[in-house]
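Okay, so here's the structure we're looking at.
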Amino acid sequence: MTARIGVVTFPGSLDDRDAQRAVRLAGAEPVALWHRDKDLHQVDAVVLPGGFSYGDYLRCGAISRFSPVMDTIIEQAKAGLPVLGICNGFQVLTESHLLPGAMLRNESLHFVCRDQKLRVENAATAWTTDYTVGQEISVPLKNGEGRFTADARTIDELEAEGRVAFRYLDVNPNGSINDIAGITNAAGNVVGLMPHPEHAVEPLVGTGRTDGLGFFTSILKQLVSS
Ligand SMILES: NC(=O)CC[C@H](N)C(=O)O
């Protein structure tokens, strides 16, 4: 049976279609989930896409976190549902407390848009098994509020438990603590990162690199084998 991966659309989501396309290219079936809908339509995993949900008012992701769909996602993620938050989706995950920490405005106070090199630090999460630890990948990055921060104890815990999943290489584009680009929860089913793997899945576009496809093939393998 084909794995079904839900992609949530909030008002202001921008990258939901690209996320659906990445899911399809990996070989899974994308399922559109609407923010007002509590029902997840029996999907096997969920992607929270990038964008500007609720116009980034208050803080990015702060309003989306209270969407009906998030009530169900929070409950099911705690029970093991794989969830990937990309950029604005990562912001929603920290606002939802499915992942620790918070996002501040970029240190430069400017919106940053670039191809970003990353180092894979954890290849054991539900979304990263098709990578290897130490692998260097390049995917687009585009955000204004991407500076990951947390209290010292949380950072120590993330580092000690190997829960920093991705780190910025060459350039730290936003001033994130310890060059953190993405993290995972302790169980490894919830992963969030600021750069956009769904924009690097086809050789015909962008830099021609497909370094982001591994997120979607990783989850597919995990779903098929479970
Ligand atoms: N690309 C995005 O998802 C943008 C995220 C968010 N709105 C920001 O600017 O930080």
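First residue shown is number 1, and so on along the chain.
Cβ coordinates are placed from backbone N, Cα and C, and glycine is handled just like the others.
Automated prediction, rather than curation, is the source of TrEMBL annotations.
The active site, nucleophile annotation in TrEMBL covers CYS87. Cβ contacts within 10 Å of CYS87 (active site, nucleophile), excluding its own Cβ and spanning all protein chains shown: 30.
What TrEMBL lists as active site is HIS196 (among others). When secondary structure is read from DSSP and collapsed to three states, HIS196 (active site) falls in the coil class.
The feature active site is assigned by TrEMBL to GLU198 (among others). Using a 10 Å radius centred on the Cβ of GLU198 (active site) and all shown protein chains, the other Cβ atoms total 29.
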How long is the line from the C-alpha of HIS196 (active site) to the C-alpha of CYS87 (active site, nucleophile), rounded to the nearest angstrom?
7
